[in-house]
Amino acid sequence: MWIFLLSNKLSGHSVTSDSNFVAALLLFLSMVDLFVLQLLCRQRGLITSGTIFLSLLLFSLCGSVEFAHKIYYFSNEVLVNAGPCFCFFIYFALVLLQTFLSCWADSYGYFVWIDKDHPPSPENFSSFLSKVLFSWFTRKTILGWRRPLVYNDLWALRDHYLSVNVVPSWEAMWNVAVSEYARKKLAATERTYGLRFKDQRVHVVSKSERVKMPKKPRLVFKLFGHWRLSVIYGILLKVLADILQFANPQILSLLIAYVESREQPLWNGLFYAGLMFVASVLFTIFTNLNFNHMVKVGMKVRTVLTSAVFTKCLRLSNDARRGSTLGEMVNLMAVDIQRVAEVYAYIGMIVSSPLQVCLAIYFLYQVVGPSVFGGVVFLVLLVPLNFWITSLQRKIQMKQMKLKDARMKLVNEILNGMKVLKLYAWEPSFEKKIELIRNKEIRLLKHLAYLRGFVSFLWTCAPFLIVVVVFATYVLSDPNNILDPQTAFVSLSLMNLLRFPMSVIPMLMSFLVQANVSCNRIEKFLLSEEFKPNLVNRTLNQAAAVKVHKGNFAWSSSAEQPILEDINLSVNPGELVAIVGQVGSGKTSLLSAILGEMEKLSGEVSIKGSVAYVPQQAWIQNMTVKDNILFSKPYRQYLYNKVLKACALMDDLKLFAAGDNTEIGEKGANLSGGQRQRISLARAVYHNTDIYLLDDPLSAVDSHVGLHIFENVIGNNGLLKDKTRIFVTHGLGYLKKVDRIIVIRNGRISETGSYAHLLASRGAFAELIETYIKDAVEEGEDISDDSVLEEVLNDVEVVNVNLFRRLSSIRSTTSSERSLRTRQHSQTSKTQSHENLPDGVQLNHVPNVERSMSIVDGEEHVEEAKTEGKLVEEEVAATGGVKLKVYLSYFKAIGLLTTIFILFLYIGSSSFNIGSSFWLAHWSNEALSPESSHSVETRIGVYGGLGIAQGLFILFGTLFLSYAMVIAGQRMHETLIHNIMRSPMAFYDVTPLGRILNRIGKDVDVVDNAIPITVRMWMMSMLNVISVLLVILISTPLFAAVFLPVLVLYYAVQRTYILSARQLKRIESVTRSPVYSHFQETLVGVAVIRAYQAEERFIRESERRLDENQMPYYENVISHRWLAVRLETLGNVLVLAASLFAILGRDSGLSPGIVGLSISYALQLTQALNHSVRMMSELETNIVSVERVNEYSCTQKEAEWENDNKPPKEWPEKGGVQFNNYKLRYREGLDLCLKDVTCSIAGGEKIGIVGRTGAGKSSLTQALFRIVEPAGGSIVIDSIDITILGLHSLRSRLTIIPQEPVLFCGSVRMNLDPFEAYSDEQVWNALENAHLKEYISSLPNKLQYEVFEGGENFSVGQRQLMCLTRAILRKTRVLVLDEATAAVDLETDDLIQKTIRSYFADCTVLTIAHRLNTIMDSDRIMVLDAGRIAEFDSPANLLSNTNGIFYSMAKDAGLI
């Protein structure tokens, strides 16, 4: 074309203007640029380009005008310069074709899938247009429409959002800021203290001399700074959208002028309608691009903060951990991080809302002049009020979050100690404690609800009140100011635009307040004191493997008195050192000091080589046995089998349904204490480290198993013979076989040396031996029958004659009084084969050969074995629509009458709104008439009155709704907690605690905060849609012809969307639970993780789980945008239709007032419909939280706690227990674990209960307390069948001392007597009988001394004595000892046995044996085998039966 023009110009055949020639030249150059750009894109592998698409689209739009122009000339047979015209037609056709082809992306060639389980997202291969319109997501909505989506349907997360790509840059920036702050703070502190102590004399520092501390790095600013470009880009998108939004009122003014004039040509009106449509579509695109972009930034924020909090948890010092409970840290993850991330979606709106207000005021000024300032004054008056309310909200929010932390902390403790609560019948007391905290939280939530309701009323009515003020000022200030339709409805249209930012300002301020509070909480946590790696010097330049020089250690850096004092220790490579001492002397603390877990007040600690740590209470992950042992180390079959054999695990694995592929429940729920400890030891041994710190690993195993492990693992002939071993123990039999013994006394090393050397000296070790043997003799044991004690005495005779004489004297005074039963009582032994299994566990026996193969060869049938050994049930997302009963349950919690009354108030407000709109149309039409039937004052009065009525209805509706929803949240939480408390223990065996915490934490937070806002917005938007439609349909009835088909499309799009969005929300909720479960599990085992230096691996695992959770979250975000673009486009079509009907109706007598009313409301329709559908969808996705809360509210329950069958007050009076053909199974489908158990136990009898693994010992205890209900038969206690009683009537009349002692946060007194049923004197007497009075008296505040989370500030032995105190306080006629001394030292065991024999002499005592000396003096011993009573007789008679099971067990233990 340019060539034709050039040739014509040169030839002079036609007149060609310079502008045409230059335009063609520029067009030619532009096409060349586009061609070059396309080549560059292909070279760089880009499959789409926004620049190219927009350029082509612009050329097409501009060319269409010229094309129409040339067609017009052709149609009128005017032909000039045919050559350039035909060239243009060819050019225009090619541009259209190229534009059409650019709607799709180029082929992407070869692509490698990194995630084999999930295909890559189509977004990676989509065109620019597809990304802008989110069309690439359509295939997912179609799939969701065909069938419910599942996790495997998700696309892999894009690289931009993977933790591995997002976290490093943030960590680098944050760590620099924190390091800089720490450096400046240290410098300022040194300068301040330098002034204070200058010249070695105390100097009072004046204010002028005091060095100013540096400001802490503000998390909120660092987050913004890190993503500032992304945030600014998102804000620019929103600003562009706002500018486009304000184009519509200006176009409306032109349309009304068009209708009024009746002289303008038709094409003017059509052009205005088309222009309004284009502006609306562009507004839709820019708005959704902004939301999509900012939500993605929020995703990145969530990723980095989650990673930062998790990493910080692994690095917290012990002092800081005590200041941040587990419940608080779970809240940070579940609530605070989410709030901070979600507020990023609204940053553009937060910035643009004031801009929209300013633009609206500016354009109003253009319409009504200075009258607008009356409204501005009113608006300005609202600002300080809003700031005051915001600050008030922030204060309340902070208090509420603290209460939420306390509630979650208590809930977490309760869930961890649920078995103890059930056994003691303490659930009501702890449920009441939760309710007390919740009630305080509810009071604050009510205050917040009232504030939000008032603010919502204020900002909803503000635009209308501004309209009244502006119009009144306008018409009253000057008689010449006439409120005609153009002035009225352009102003109203601008006011409607003003209404949205002002209505969302309360919500935005609420979000900002919540996010600010949460951000400050996260910041405070991230700046907490960290674990100091330099507390322990890891070096290869020393001879000793472990060396402590003049060490003083405490659990807090601010402690006035060290726990360990003046510690000097040196352990050589390959040495086996035993640490001994009394309960609470500091043995575990010494290992913690070596690990760096204690605060080093002074001295030096250095280690040479890698470390493995076996804690006193084994930390087991919710994984298979094999995974727990490997702990991510490569699998080496020979070493693995060797470790299993040495740790005596082979026989146990043969009993498991899936061998070593059996899944271990949370915290080892389906293992005995001994099995957990041996797996923990096997993990350490398999790791093959240089140094082993073993904290009493043999306390929970049988004596002969302990000896086996010592000989094959720990001892100088075991697997660790060449390793450095520091071994805490209470077993006297091992001490002779160690290289050196260290005696700890009151936090000091009192003596150290070889076994013989310490016996020869008259030190603490000799006293320990003397005390133990003396207690053993006084308890009636025959030392000659105890090989360990006899050997110790022989050693003493050789090295310490004086001590031997004293012990022999004690021995001789009682030896003549021994009976057979007493001699048998002194045998200290237990076999591995009768370790007790915990509640709810049934092991399936399989042939030994087959099971052995599954253990060692494992690869052949691993998948089948894993399925067979599955314990924890997978959390399954519900499918299909949220059931009507879920909505009804929520509104039932609100109250039916309350709901009806609230609806009446909101409908009333909408009615007054419609009335005011029609009154304004009538008013403006009258202004065009020379005769008016109403005065200006009457018009303003009626208009203002309707507005005031609308405001009052909104006020009361909002307040009632806010109050009702808080009450609904309270009722639902109350029901949830009560039902969880009443769930059987089987529920906790198969449900991870993180999953339950997710419901009580995140889902309850949604019910408390998100759903009330969503319901309020949904009700207002739905009524707004109805109001808008009524106004438009009344104004232009023909609009129904277009509206009804569009409404059908609306419904189809919304239903297609909701089917996918709802499932994505459910999948997102399900994948969130593993994040919290892993977090909680990590917090419990942080000392072990740090000892193995496995922090990075756990961080990577946390990030992997977070990425899995982000996948459905990301797709859910995209689904919102997919919906919004389509709904808003349909809404824009309705705007176009309303405009066209108004234009076409000009000649049919349609008044300008009605036209203005119709189109101004049509402009609201897009946003109203879109907002209503979005709120409906948001409500349906949020109501999933109600569904999830209800799901746990409807789990299977235990029997009633109390019923009409009340036992006598003194029951059981004698304590007689009778089993009649009793049968028990843990769950439907499992085999019986107790079969036809029949026996009679007289009141006051002492019964020992033994049996091999899986024999049914713990099942008997469960049956007695009705933890599991019978499958047949009955248990009768003092002539009353226990099944007819309420659970608490039964459990409160029985007493148990469990194997694992559990303490809760709170005072010592609360832990002993939560119902406050006993006086202080009774509590002190019980403590005295439990040998704890002296220790508790030494504590600050004594009985009110605060117990830390999990009882961390008490040793295990002290915790067990606390359990004994509980038993003494209750002193019921039936006492059960469920391996109560399995995890305590010999001295504590003796104290417990001594108290039981004296204090419970007249009670029925059932003792499940761990150490045989605890049952050998029983009246009778019950031997269980395969769920049946195999033997039941006196110890003497059982031992006389050489073919009996008990005889075999005694023989295995070396007693015979």
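Yeah, the Cβs are placed from backbone N, Cα and C, and that goes for glycine too.
Because TrEMBL annotations are produced automatically, they should be read as predictions rather than curated entries.
Remember, it's a predicted structure, so these values are computed and weren't measured experimentally.
Marked as transmembrane segment by TrEMBL: 20-40, 52-72, 78-97, 219-241, 270-291, 343-365, 371-392, 449-477, 497-517, 893-920, 940-966, 1025-1053. Per TrEMBL, the feature domain 'ABC transmembrane type-1' maps to 234-514, 900-1181. The domain 'ABC transporter' annotation in TrEMBL covers 548-771, 1217-1451. The annotation region 'Disordered' is assigned in TrEMBL to 815-842.
The average pLDDT computed for the domain 'ABC transporter' (1217-1451) is 84. Distant neighbours of the transmembrane segment (1025-1053): 910, 913-914, 917-918, 921, 1123, 1126-1127, 1130, 1133-1134, 1137-1138, 1141-1142, 1145, 1150, 1154-1155, 1157-1158, 1161-1162, 1164-1165, 1168-1169, 1172-1173; these residues of the same chain sit at least 6 beyond its ends, with a Cβ under 8 Å from one of its Cβ atoms.
Counted over residue pairs 6 or more apart, the CB atoms of the transmembrane segment (497-517) and the transmembrane segment (343-365) come under 8 Å in at least three pairs, which marks the two as touching. Most Cβ pairs under 8 Å to the transmembrane segment (940-966), among the stretches 52-72, 270-291, 343-365, 449-477, 893-920, belong to 449-477. Among the listed stretches 52-72, 219-241, 270-291, 343-365, 449-477, the one sharing the most Cβ pairs under 8 Å with the transmembrane segment (371-392) is 449-477. Count of Cβ pairs under 8 Å against the transmembrane segment (343-365): among 219-241, 270-291, 449-477, the largest is for 219-241.
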